[in-house]
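Enquirer: Quick one: the structure is below, and I'll ask about it shortly.
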Amino acid sequence: MTQGKKKKRAANRSIMLAKKIIIKDGGTPQGIGSPSVYHAVIVIFLEFFAWGLLTAPTLVVLHETFPKHTFLMNGLIQGVKGLLSFLSAPLIGALSDVWGRKSFLLLTVFFTCAPIPLMKISPWWYFAVISVSGVFAVTFSVVFAYVADITQEHERSMAYGLVSATFAASLVTSPAIGAYLGRVYGDSLVVVLATAIALLDICFILVAVPESLPEKMRPASWGAPISWEQADPFASLKKVGQDSIVLLICITVFLSYLPEAGQYSSFFLYLRQIMKFSPESVAAFIAVLGILSIIAQTIVLSLLMRSIGNKNTILLGLGFQILQLAWYGFGSEPWMMWAAGAVAAMSSITFPAVSALVSRTADADQQGVVQGMITGIRGLCNGLGPALYGFIFYIFHVELKELPITGTDLGTNTSPQHHFEQNSIIPGPPFLFGACSVLLALLVALFIPEHTNLSLRSSSWRKHCGSHSHPHSTQAPGEAKEPLLQDTNV
């Protein structure tokens with residue numbers, strides 16, 4: 001045992017020496033310029049722009065592959081993906097705290113975009129790989145940790161809003177472009193273009209994105225072990241449960257994002273099937289909603305955070321979400337969908353405000369763990385939400401019986417015949433369920449305190465997060481973080 005320990009110490013000293021030499025010599029190129037929010041923004045934009053191009057083609061392939069149970073199978077596929085994301089997010093977040101953000105940005109983007117070229121090669125493999133890619137579908141987790149590394153606490157809500165707005169911006173034009181190119185040139189060209197954009201995103205990370213995690217925040221050795229407790233999402237949630245305020249935030253995220261995830265997965269089908277929207281109308285709807293979301297998550301979010309504070313901004317966003325879901329649930333006319341879309345854009349301020357609040361619960365070297373935990377909850381919702389919505393559509397006999405397709409032409413609007421009549425009391429039953437879920441989230445969020453006891457919050461969180469901290473992690477003097485969940489104005 002003694003000889004083994006000596007060998008281990010010698011190996012650690014060798015690693016430390018190699019690391020010092022690399023640092024002294026400047027190491028390998030780490031990207032273009034200093035780490036900035038704009039690096040994260042470009043990564044997010046390219047990834048989701050590539051997937052946005054496939055909005056219309058995916059509907060066609062989904063219906064052709066599962067003609068009898070389109071809504072239900074869509075929910076199950078997204079459910080498996082979301083469950084795997086939930087299981088893997090804490091581990092990837094913790095590993096990024098140790099090994100840096102750049103390598104995991106590369107990993108998550110690569111595997112998230114891996115299914116794209118398979119759409120035309122083999123639809124069955126396409127949907128299978130989509131399900132399995134959930135293991136690495138945690139780009140937002142790493143991106144938010146990247147942003148937290150390079151911003152001060154008072155800057156984070158604006159930075160998170162910019163990232164979320166970029167996600168919305170990627171959906172402003174990409175579905176319309178994808179639908180147009182598919183109609184004129186065929187869906188194969190759309191798949192090739194989406195694949196090229198995904199490759200561009202990967203190359204951008206390799207060449208241009210610098211590492212954001214400061215060297216002093218990493219463990220002293222490269223071979224730092226990751227405990228199974230860090231890799232276990234349920235253990236992470238149990239530890240969070242020891243802190244009542246963090247638990248309230250997690251419950252709020254779960255109850256509010258569960259219907260949102262279901263809405264994302266089925267809303268395009270709903271507009272086409274029930275509201276009789278044409279492909280052009282759907283693309284225009286997505287574009288308008290995206291533009292309004294960008295305005296809400298940048299200008300409006302900044303003003304609200306400055307004027308009413310972090311918690312009240314979350315409550316307001318939840319209120320808008322309840323209104324838009326109820327409107328979609330009872331709405332039976334196209335103009336109601338457009339009006340509810342404007343309200344839905346305002347509700348998009350909720351998650352960046354929650355992310356800003358959550359970021360205050362962790363030290364600089366714990367941002368990946370905390371954001372990974374929240375992304376894990378969202379990943380679980382990404383599994384449960386689509387499956388739940390698909391099941392509710394199924395039991396209410398809402399199914400995609402006919403899709404207006406002429407070859408690869410998605411522009412012809414042929415009204416599908418369906419036995420779900422427009423005179424139903426509740427045209428959109430899953431959305432009404434979602435409104436009830438968000439109402440519960442709002443009631444839970446009311447118990448999140450405006451201000452917290454500084455000394456108690458700090459010591460309590462350090463005690464609970466102690467097992468996540470690596471023994472070699474250091475923090476420079478004078479870098480003490482502000483207490484947890486202190487509701488300061490931006």
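Placement of Cβ uses the backbone N, Cα and C atoms for every residue, glycine included.
What you are looking at is a predicted structure, and each value in this text was computed from that prediction instead of being measured.
Sharing the features that Swiss-Prot gives for it:
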type     : residues : note
TOPO_DOM : 1-40     : topological domain 'Extracellular'
MOD_RES  : Met1     : N-acetylmethionine
CARBOHYD : Asn12    : N-linked glycosylation site
TRANSMEM : 41-61    : transmembrane segment
TOPO_DOM : 62-74    : topological domain 'Cytoplasmic'
TRANSMEM : 75-95    : transmembrane segment
TOPO_DOM : 96-103   : topological domain 'Extracellular'
TRANSMEM : 104-124  : transmembrane segment
TRANSMEM : 127-147  : transmembrane segment
TOPO_DOM : 148-160  : topological domain 'Extracellular'
TRANSMEM : 161-181  : transmembrane segment
TOPO_DOM : 182-188  : topological domain 'Cytoplasmic'
TRANSMEM : 189-209  : transmembrane segment
TOPO_DOM : 210-243  : topological domain 'Extracellular'
TRANSMEM : 244-264  : transmembrane segment
TOPO_DOM : 265-284  : topological domain 'Cytoplasmic'
TRANSMEM : 285-305  : transmembrane segment
TOPO_DOM : 306-313  : topological domain 'Extracellular'
TRANSMEM : 314-334  : transmembrane segment
TRANSMEM : 338-358  : transmembrane segment
TOPO_DOM : 359-379  : topological domain 'Extracellular'
TRANSMEM : 380-400  : transmembrane segment
TOPO_DOM : 401-427  : topological domain 'Cytoplasmic'
TRANSMEM : 428-448  : transmembrane segment
TOPO_DOM : 449-490  : topological domain 'Extracellular'
CARBOHYD : Asn453   : N-linked glycosylation site
REGION   : 466-490  : region 'Disordered'
Enquirer: Using a Cβ distance cut-off of under 8 Å, indicate which of 75-95, 127-147, 161-181, 189-209 has the most pairs with the transmembrane segment (285-305).
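Expert: Between the stretches 75-95, 127-147, 161-181, 189-209, 161-181 has the largest tally.
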Enquirer: Looking only at the topological domain 'Cytoplasmic' (182-188), how are its residues distributed among DSSP helix, strand and coil?
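Expert: Residue counts in helix, strand and coil order: 6 helix, 0 strand, 1 coil.
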Enquirer: Applying the under-8 angstroms CB criterion, which one of 41-61, 75-95, 127-147, 189-209, 380-400 scores highest with the transmembrane segment (161-181)?
Expert: 41-61
Enquirer: Ranking 75-95, 189-209, 428-448 by Cβ pairs under 8 Å to the transmembrane segment (104-124), which is first?
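Expert: Maximum Cβ contact count belongs to 189-209.
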Enquirer: Please count the residues of the topological domain 'Extracellular' (148-160) that DSSP assigns to helix (H, G, I), strand (E, B) and coil.
Expert: 11 helix, 0 strand, 2 coil
Enquirer: I'm a bit unsure how to read this: which one of 41-61, 75-95, 127-147, 189-209, 244-264 has the highest number of Cβ pairs shorter than 8 Å with the transmembrane segment (428-448)?
Expert: 244-264
Enquirer: Which value does the mean pLDDT take for the topological domain 'Extracellular' (449-490) in this predicted structure?
Expert: 40
Enquirer: By a Cβ-Cβ criterion of under 8 Å, what residues six or more beyond either terminus of the transmembrane segment (127-147) are in contact with it?
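Expert: Contacts of the transmembrane segment (127-147) (Cβ under 8 Å, skipping residues fewer than 6 from its ends): 35, 37, 39-40, 43-44, 47, 62, 65, 77, 80-85, 87-89, 92-93, 96-97, 101, 104-105, 107-112, 114-115, 118, 156, 159-160, 163, 212, 355, 359, 367-368, 371-372, 374-376, 378-379, 382-383.
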Enquirer: At a C-beta cut-off of under 8 Å, are there same-chain residues at least 6 beyond the transmembrane segment (380-400) that contact it? List them, or none.
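Expert: Beyond its ends, the transmembrane segment (380-400) has Cβ neighbours at 63, 68-83, 85-86, 134, 137, 253-254, 257-266, 269, 273-274, 416, 418-420, 429-430, 433.
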Enquirer: Under a Cβ pair cut-off of under 8 Å, which of the recorded stretches 189-209, 244-264, 338-358 contacts the transmembrane segment (75-95) most often?
Expert: 244-264
